[in-house]
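Accompanying notes for the structure given below.
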Amino acid sequence: MPKESFFKNRIRSIGYALKGMFLLLRTEASIKIQFVIALLMTAAGFYFEISAFEWIMQLFAIGLVMGIEGVNTAIEKIADYIQPDQDPKIGLIKDISAGAVMIVSIVASIIGLIIYIPKFG
Ligand SMILES: Nc1ncnc2c1ncn2[C@@H]1O[C@H](COP(=O)(O)OP(=O)(O)OP(=O)(O)O)[C@@H](O)[C@H]1O
């Protein structure tokens, strides 16, 4: 494969991914809420002057929640596409996928509590 087409393809893929990211932020209510929470937590980070380690943990938690939420949205779309009717198997798949978001959200909330509870102490 010629070098140019490899780089052209990579750039095109980044374009598709950016398109998907903006599509998620524009159309999915849960990602919109998570984005607002991410902005508030970032503001809190500056206000309380959290340490570099706390920033790393906070950014990691935000990225993980929003990333898994994106994958969950994709799974929901595939489920609706392959089975538009009620189907207990589809219900189970969607519940498991939502459960994955719940796991990372609980962990992210605990990280937030560990960072900010001492600031109020
Ligand atoms: N086709 C289906 N068959 C059976 N149960 C379903 C089906 N679609 C959805 N469900 C059930 O309803 C729940 C909600 O599904 P839905 O696709 O509306 O997800 P949601 O979490 O509300 O998504 P969104 O993030 O788009 O609001 C699922 O977790 C599942 O329990």
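Glycine too: its Cβ is placed from the backbone N, Cα and C atoms.
Predicted automatically and left uncurated, TrEMBL annotations should be read as such.
According to TrEMBL, the feature ATP binding site maps to Y16, E28, E76, K94, D95. The divalent metal cation binding site annotation in TrEMBL covers E28, E76. Residues or ranges marked as transmembrane segment in TrEMBL: 29-49, 96-117. Annotation comment: TrEMBL describes E69 as substrate binding site. Residues or ranges marked as active site, proton acceptor in TrEMBL: E69.
Looking only at other Cβ atoms within 10 Å, the busiest spot among the binding-site residues Y16, E69 turns out to be E69. The Cβ neighbour count for D95 (ATP binding site), using a 10 Å radius over every protein chain in view, is 10. D95 (ATP binding site) is 13 Å away from E69 (substrate binding site) when you measure Cα to Cα. If one looks beyond the transmembrane segment (29-49) by at least 6 residues along the same chain, the residues whose Cβ comes under 8 Å of a Cβ in the stretch are 55, 58, 62, 65-66, 69-70, 73, 101, 112, 116, 119.
In sequence order, E69, T73 constitute the residues six or more apart from E28 (ATP binding site) in its chain with CB-CB distances below 8 Å. Taking a C-beta cut-off of under 8 angstroms and a sequence separation of 6 or more, K94 (ATP binding site) has the following same-chain neighbours: I75, E76, A79. In the structure as shown, the Cβ atom of E76 (ATP binding site) sits within 10 Å of 16 other Cβ atoms. Ligand 1 lies under 6 Å from the Cβ of the following binding-site residues, listed in sequence order from Y16, E69, K94: K94. Overall, the recorded ATP-binding residues Y16, E28, E76, K94, D95 cover a maximum inter-Cα distance of 28 Å. Annotation note: E28 (ATP binding site) sits in a coil segment as assigned by DSSP.
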